[in-house]
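Pulled from Swiss-Prot:
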BINDING   12, 13, 14, 15, 16, 17, 18, 19  NADP(+) binding site
BINDING   138  substrate binding site
ACT_SITE  151  active site, proton acceptor
């Protein structure tokens with residue numbers, strides 16, 4: 001029997017990379033999983049790849065009506081939620097002198113506002129106020145990166161929110177933690193760096209203490225730990241999955 005047998009999980013941003021790997025991990029461990037994504041074709045491909053015990057729901061977490069639709073579906077079909085992996089997010093490079101209002105609004109709409117209401121609207125679905133919430137942060141929220149300040153600020157905001165949420169949730173058994181990846185080989189990572197990817201990978205081999213970038217599966221393992229009873233006395237922590245990058 002898997003450690004998530006009988007559990008219902010939601011993974012936002014579950015169509016590729018870390019989200020997809022985590023959804024697959026949850027299913028492999030016995031959970032029924034809902035995944036979200038903004039593009040139906042990518043959602044369909046992810047559902048087919050996972051293969052069983054999964055439902056895809058199209059939506060944009062920055063739109064509250066999409067979140068309401070999502071949670072209505074989960075409530076009607078399963079009646080509860082045990083695990084929430086609030087993973088959906090975006091990021092792009094723009095140096096200070098080129099930051100636009102559109103970039104700031106879009107990044108904070110999805111990464112911050114979207115995550116706030118993803119978590120808030122899930123609370124009523126946790127049975128007997130018991131469950132685990134994991135929020136995707138980033139090493140960019142803790143260390144500086146050229147041209148990445150807006151994204152970094154949005155992830156630092158999530159870290160601050162979680163510190164406060166654990167106080168708001170005192171008296172329940174709902175735990176909230178942050179998983180903060182460093183460089184992880186995902187489709188989004190490829191898209192972010194484009195032609196500079198090989199240079200980035202070589203730089204990582206020289207600067208990351210582990211000597212490499214990570215894989216989505218390595219992050220999924222950390223999320224699985226935080227979602228499980230194995231981490232029952234952990235709440236409010238930030239677990240870095242970064243090969244030691246943020247520690248030096």
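Here the Cβ of each residue, glycine as well, is placed from N, Cα and C on the backbone.
Shown on the structure are the features that Swiss-Prot records.
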residue	record	Cβ within 10 Å
12	NADP(+) binding site	26
13	NADP(+) binding site	27
14	NADP(+) binding site	32
15	NADP(+) binding site	26
16	NADP(+) binding site	17
17	NADP(+) binding site	22
18	NADP(+) binding site	30
19	NADP(+) binding site	28
138	substrate binding site	28
151	active site, proton acceptor	24
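Across the structure, residue 18 (NADP(+) binding site) and the residue listed as 'active site, proton acceptor' place their CA atoms 17 angstrom apart. Cα of residue 14 (NADP(+) binding site) to Cα of the residue listed as 'substrate binding site': a span of 17 Å. In three-state terms derived from DSSP, residue 15 (NADP(+) binding site) belongs to neither a helical nor a strand segment and is classed as coil. Cα to Cα, residue 13 (NADP(+) binding site) and the residue listed as 'substrate binding site' are separated by 15 Å. Apart from 12, 13, 14, 15, 16, 17, 18, 19, the NADP(+) site neighbourhood in this chain, defined by C-beta within 8 angstroms of the site C-beta centre, holds 11, 20, 22, 23, 35, 37, 46, 87, 88.
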